[in-house]
């Protein structure tokens, strides 16, 4: 505190001195000095603005380097900004001198870097657009299209004014709910470039996001061709009206289309500034054509226009057109809805250029919703005005003008206005009117050519908008590296990071479609792709809302999860209702892409998607619900805590447990970090071990614990591991193959770990490999030399087979994925089970679970039991009956009748030589008491203790002889683990374990249950 006091004494610009009566001092907003490196300011910022930024930063009152909350520590993904990291807890705990020394060293290093690599002058900032031009205007241009000019009045004639407004309302309800969902997603954090793909992928994850991103990019590219061809057809018809033909009807469209899309490409090459100027021009033309139409409805019609069905506003015409008049194959409500719905799409145009917006979170909601409102209002106005001023049927002949006042036999509202179209109505030969003439808006308008210009502007603006949107979406997809071989198109150029390569690719696709000229097949796919995008956007919003993730905090509050669900369901239904075969193809392609990304590509990204939140919710819910479920022997699963240490150092232990727990039960890999190794071990993140397990396809958790000893760490893990019912009940450890070279304390620690396992009522498995469990980078395996293999065992011994390494290294020895015997196929070999003691059946359950795996399925199980020669057949039959009732397929049961024989002298002598260093030999030292010797070397075995356990030791040696005799060619050996008495010395007990499993050339497992049944033959 003395140092802190020395820094704040005296009056400075940040402190206002106060008398004791005035209370505590008042601090200004820039009082505390910041210790952040000045080089961490935004790159390219001037020194003046940098100093201003530093003044705005302030530290906490607790510590001069403990920073107060500020944006820089949370906005680590902003462009042109270096990543800023707040001081760690370790730094905050350091003394003032240590912090200053480290800061001085960092400043010196930064100064050297600046001298070596001087930065050039900052470039021009990229062009960013506001909501008016980039979102509102762009969305309106893409929503308005040829349907507005050529189909809306025809839909009014079919459905009538009332149902026409209903059609508009239904279509707008889908797009509005989608816009609300877009607004919610866009305001739930900063939206980068990528538009629709970015929002879906960051919400639902890369699997669905990348699937829809690819086909949505393609849909935008195809839409360029569609709108270009629409423009070309209008130009061709206009040319033909003047008698101008270049080649023929089809090739004229191709020529005009290729020339048009080429001009649009050059506009995009000019950058977003030129593209925005072109869109402004198109918008002005469209607004002029719309105003021209409204003015035309107020101008008194000429006789020619009356002959074509336009009479101006009239009450009788309005009433007549209120009701529907279905005609032709499209004469039903749903077909008219399907024709009109594309006129409401285009709401994603502003969101698709999210990377070029000044403030996407504000611009996207405001611009998109206002565009929907304005275009909807324009559709309503056109339906009402055209329906109130134009009759459905007219002949276009001036001779139908009535000269007298008689209206007998005249049909329709035109009769009262002096026109008789009865003849053409009855003969269905009318060529004019709402129901027969597609260019009614041009008829009504003040200037027909302004309407034509509006058609041009609508088609060209849509084509230009999609030509810009497709590459920008595709560029974001390429940068994410979700799909292979497409990163070439992710490169950007210029200050706005323009995807020039993407522009050329989109241009080539559009030209190809224009030349093929099969738009009738492509158009349904474009509509389905857009509807699919709407569906997934609404699903993203609904899913993010329903999982209640704390990270879902959109600033836009005018949305509802149920409206989002409605939008998703409506979009999905409309896909099949419009063109069912195109919908099937669309979802089939998305499914293929989803499967590819999920199971083949598996992108290494973490975007905090709602799928992750949903997985957490489901796991938490199911885990909590399990607490109310009582344990039953039929549902017993060996939930294993495996003491692997760093898992990649003991792959055999990991693979063994993974073989019988994968998709069956819980597996937790535990690592005890001793206090001396804490500083070095904890620097390695646990993520690398989890990645290693996932790469090895082992479904396991990983946890590490710091403790003074192995025993303490295992005991803590057994108490703390798991959650509710998902708690380990079986401890799996490796055999301490180097016990003879270990210290007595280490041996005692290992053996007491086994005792603690029994005290915790855990089951226990000890795995021993021929080559040991530990591996290193050079794959040098050390075999336990406690015993040498015998040349022969009794009279029926077989020649030992050639030894195969338990850990079979793959071809690439540098790889951290080592192949073990548990990853190899077991072939037709056997698994031998020496069921010496009844522990509840765990020793039978483990091999049964192993044989359920593909690589172990062909292995046969043999069971060895104790018995005598007189009752050998009875014992065998009883065991076979028991195993049959357990429904465990066992090929043979062998009764061992010679276990009580004395072991061979050489094997017994070898055992005595093994334990000799750990014996006290107190009877040979007459001058010293046992207590004195024990006090000096408490870990050693007294002669009295050794003689008391001599018979047990001989039984272990004899059992090992039997195991080696019968299990020379087996794949795996499981032996019941003996439970020692409380007075059994640790050195003697580990010698027993060593004796039981020595001399084998296959993995051996010592198994002991917790004396509770894990198998049953009852149904309840």
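Quick reminder: no glycine exception, Cβ is built from N, Cα and C everywhere.
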*Quick one: sort out which of 103-125, 126-148, 149-171 is the region 'Disordered' according to TrEMBL.*
103-125
*If you check TrEMBL, which stretch out of 301-321, 406-426, 427-447, 448-468 is marked transmembrane segment?*
448-468
*asked:* I'd like to know if the transmembrane segment (278-299) touches the transmembrane segment (337-355) in this structure, counting it as a touch only when three or more C-beta pairs sit under 8 Å and are separated by 6 or more positions.
replied: no
_the transmembrane segment (278-299) vs the transmembrane segment (448-468): 3 or more CB pairs under 8 Å_ = yes
*May I ask which of the stretches 129-150, 162-188, 367-388 has the most CB pairs under 8 A with the transmembrane segment (566-599)?*
162-188
*Contacting positions for the transmembrane segment (253-272) when only residues 6+ beyond its ends and CB under 8 Å are counted*: 127, 129, 224-225, 228-229, 231-233, 235-236, 246-247, 278, 353, 356, 460, 463-464, 467-468, 494, 496, 498, 500, 503-504, 507, 510-511, 514-515, 517
*Based on Cβ pairs under 8 Å, which of the stretches 162-188, 367-388, 448-468, 503-522 lies most in contact with the transmembrane segment (208-232)?*
503-522
*the domain 'Amino acid permease/ SLC12A' (135-641) [mean pLDDT, rounded to integer]*: 87
